[in-house]
Amino acid sequence: MRPLVATVDLTALRNNYLLAKRFAPGCRAFAVVKANAYGHGVREAVVTLRDVSDGFAVASLEEGAEVRAMHGEARILLLEGCFEPSEYQAAAQLQLDVAVQGEAQAQALLSASLTRPLNVWLKLDSGMHRLGLGHSEARNWQGRLRGAPQVAELNLMSHFACADEQGHPLTQQQLARFNALPATEFNNRSMANSAAILSLPQAHLDWIRPGIMLYGATPFADRSAASLGLEPVMSLTAQIIAIREVQVGDCVGYGGTWLARRPSLIGTVSCGYADGYPRHAGPGAEVVIRGQPVPLAGRVSMDMLAVDLTDLPEARLGDEVELWGRQMPVDQLAHSCGTIGYELLTKVTGRVPRRYR
Ligand SMILES: *Cc1c(COP(=O)(O)O)cnc(C)c1O
């Protein structure tokens, strides 16, 4: 077997969920498991959280059906609602909670004939301008949806654009716009993603929606996951499959972009961009071998990448290489690639076997 595996620590996932709940005492929490639980495997995530989680949140009916198949009773929230009118009946059969993020969705809901009413989350556009109704639209639809035969609970939700940046002025504006709708008109209210759970108690309300923090990565650019008490869930590990010496002036990899400035030891590692390792890994990108950080050498190729082992001469063929995990935080690699942990975790491709612990 090709020596590359994503090991998923399910105990860490559970601990991170419980940590989210401790940050927001008294709140219920939708564990956000969209995008195959941020690349970790939705089945295993749901089974791990099924006896502690108050609910799950997903991005589509297909994802919702997958969670429902594993959990007969859980509340499951469709974060973007239904994409076409015919989905409402399917959502009702699956007993999903649905977001209503625009007037077309609201209209389609009121036109649907459903075998049972749905819990509805009216989505307010409080300032991100991606989804949601404006203030007066929300007031209008709140009145029309309340008591409609298609609607069980009528809830209110919104989403932060900048909660990951401490003190960003938009965040307070979004809270103010959210609070301008009368709380008493809604059964439950929900605003907080991971960043707000960790930094904005006034946004906790009735239901929190932790995503990235469940997987042990940070939502913030300037606060590490470890400093927040989060445990990394995924470790991506490969092996050294070749080692060679190169001379001064020799190049390494496609394009010959890496040039040896000293006699160097180059290791070839069994992980490439077709596995989800970022091809645009910057000069600061490192892997960990024998507990020591080691820099990349040259471009990442499809199935392999090269590392400069010159300062780790004890490295041997077959040594384990941690691309990210407990020793190399995924956020640190993401930072040196100009991206975020979210993207690296969700982009681990299907050919990488997941091993669960
Ligand atoms: C994905 C998502 C979340 C989770 O966000 P994190 O930053 O991963 O915690 C919460 N709410 C909505 C609406 C989302 O789409």
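Each Cβ is built from the backbone N, Cα and C atoms, and glycine gets one as well.
Sequence annotations record features per position, and here TrEMBL assigns active site, proton acceptor to Lys34 (among others). Under DSSP, Lys34 (active site, proton acceptor) is assigned to a helix (H, G or I) in the three-state scheme. Lys34 (active site, proton acceptor) is surrounded by 20 other CB atoms, counting those within 10 A of its CB over all protein chains shown.
Sequence-distant neighbours of Tyr254 (active site, proton acceptor) (same chain, 6+ apart, CB under 8 A from its CB) are Gly298, Arg299, Ser301. According to TrEMBL, the active site, proton acceptor annotation covers Tyr254 (among others).
As annotated by TrEMBL, substrate binding site applies to Arg130, Met302. Cβ neighbour count for Arg130 (substrate binding site) (all protein chains, 10 Å cutoff from its Cβ): 11.
Across the range of the domain 'Alanine racemase C-terminal' (233-357), the DSSP-based residue counts are 19 helix, 44 strand, 62 coil. Residues annotated as domain 'Alanine racemase C-terminal' in TrEMBL: 233-357.
What TrEMBL lists as N6-(pyridoxal phosphate)lysine is Lys34.
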Measure from the CA atom of Lys34 (active site, proton acceptor) to the CA atom of Arg130 (substrate binding site) and give the result in Å, rounded to a whole number. 18
In whole Å, how far does the CA atom of Met302 (substrate binding site) lie from that of Lys34 (active site, proton acceptor)? 27
